[in-house]
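Colleague: Here you go, one structure.
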Amino acid sequence: QRIGLSGEGTDAVVILEKTPFQEEKIPDLLKKPTNTELQMHNDIYCTFYLRPPPELSEIKATVVYPATEKHIQKYLRQEVHLIRETWEDYKSITLPYIQSQSFSIQWVYNILEKKAEADRIVHENPDPSTGFVLVPDLKWNQSQLDDLYLIALVHRREIKSLRDLTAEHLPLLRNILQEGKEAVAKRFGVPGSQLRIYLHYQPSYYHLHVHFTALGHEAPGSSVERAHLLPDVIDNLAMDSLYYQKRALTFPLRADEPLFKKFQEAGKV
């Protein structure tokens, strides 16, 4: 939605999300019958509306301010189409589009340079070639492990996406996989076998990053048409250094995205 902050009338994006219930607080939620309203009772089945106290009714608010038109469009409901991008399509359509845009990733550099979120860093490998920083994603409030979500940001700035990866990047990717799992297990007690570790294509921003989410959490973008498991990426590059410069990749695009219009103009949709 659009709102004005500080009376300036500037556009902002406000995302309101109900935080997951914590198991240990469920008994407190059910102990207050005065805040319970029966809606339906049929044999053994009952439906109630509960009005929990404020301490059990947290809502997470994420604010993007000031928001550009691109930010606003990102969060509006739109038709989605699947694109099948060949390597030739990438070179002739996607890459020129990426290079023509001024995507701001200053917030990524702020984290890497410890100008922001330094106190949130879970793990860092400082090597400029094979190192990365692991931080909690903004979508995770760190109050429970059910929706655990972290992001590994690589120190190297020239790697835009999956398409740029070759066997030369295997030490970097293996570091992220191994050290990332170890860091999550040490800090949060979640073993690697309960993590979904993957890259997006297309990514939401063009600086290589890897997602770490709880396996039981249906995180946005974890579906098969966009997520590429990091162990599979490593195996593919180990077999063929140019794997991601050869194969076609499928990904979803919203109908209002400029890149989708580029594929339409090229007769690829």
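The backbone N, Cα and C atoms fix where each Cβ goes, and this holds for glycine too.
According to TrEMBL, the protein has these features:
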{"type": "ACT_SITE", "residues": "His209", "note": "active site, nucleophile"}
{"type": "BINDING", "residues": "Trp107, Glu117, Asp137, Lys139, 200-211", "note": "substrate binding site"}
Colleague: Quick one: give me the count of other CB atoms within 10 A of the CB of Ser204 (substrate binding site).
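Modeller: Taking every protein chain into account, the count is 11.
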Colleague: Sort out the sequence-distant neighbours of His200 (substrate binding site) for me: same chain, 6+ apart, CB within less than 8 Å of its CB, listed by position.
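Modeller: Non-local contacts for His200 (substrate binding site): His211, Gly221, Arg226, Ala227, His228.
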Colleague: Find, for the listed binding-site residues Leu208, Val210, the residue with the lowest Cβ contact count at a 10 Å cut-off, counting only other Cβ atoms.
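Modeller: Sparsest of the binding-site residues Leu208, Val210 by Cβ contacts within 10 Å: Val210.
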